[in-house]
């Protein structure tokens, strides 16, 4: 079967962008940032006191995911002149399916043994099907009162919503990226400008829609890819800007200041954000801007104290996946599952 590719002989390559994209750059500080996101989410699902804001780890993860995946796509375009959509989606399936099968099958077995009444077992089966179809977020919009409506152990696969958001985004984002670069070539525009403009417009539209929806329908605002897409696009836009080589010469003092600002934003989020608020709304900017600032601060070299701390072995150990040379492309979403089922078992014993 002929390999399905979409070829784009790119012209006017920026030498700095080409050099930056030739080799995958492992970012241990991003692994550390992902570790922080995982710890926050797990602590929230475990209902550890003081972590009512822990769900913002998902926002951080979305930014990182958009940055890393878009960097890989741009690198492939710069290196080969094309993106193989079949190969891209194949990689996504191979990376996600083993963990997904384990999480869903184990959840179904435990649900059959532990959940009562039968209605809860039926809801679990339906959510499992929705998760496999990468439609869990919209299933939970239709069937739950909201992410913060009750104990998460009553909906064991609730955490699968974020994976569905991500995969819905990546179902169309590579196609839009190819289309934007094709448009740039036909009209003699610089590809990175067209791509950045597309991402920026998407950020604005998704953020405004999510802010409005947070008041009109908070449940839908939390789960919908349309109100969450701007967080992934923030990482995507960052991938283009950093790929152009615009920021690697920043001074150590500037990087340290940016890292301190990121820490302040994340700290502010812990005081401002809690589950009773409509989310994400404007408050979603806090963890997103914090993640963006930390990625920028550590780009090129981890030359500030916070980036160096995130790159240390304890943080990297928490969130290091077996992907040679690529940091943090593995999924975080299986992590809450054991916590949820421990709480279910505790509640029935």
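Quick reminder: no glycine exception, Cβ is built from N, Cα and C everywhere.
Which of 279-300, 301-322, 323-344 counts as transmembrane segment depends on TrEMBL, and there it is 279-300. Record note: among 127-148, 149-170, 127-148 is the stretch given as transmembrane segment by TrEMBL.
Beyond its flanks by at least six residues, the transmembrane segment (254-273) meets 53, 56, 279, 283, 286-287, 289-294, 296-298, 303-307 of its own chain at Cβ-Cβ distances under 8 Å. Using a Cβ-Cβ cut-off under 8 Å and counting only residues 6 or more beyond its ends in the same chain, the transmembrane segment (192-214) has close neighbours at 14, 17, 176-177, 180-181, 183-184, 220-221, 224, 226-230, 233-234, 236-237, 240-241, 243-244, 278-282, 284-285. Listed by sequence, the residues of this chain that lie at least six past the ends of the transmembrane segment (220-242) yet keep a Cβ under 8 A from its Cβ atoms are 20, 59, 62-71, 74, 137-138, 140-141, 146-147, 161, 164-166, 168-169, 173, 192, 195-196, 199-200, 202-207, 209-210, 213-214, 248, 278-281, 284, 288, 291-292, 295-296, 299.
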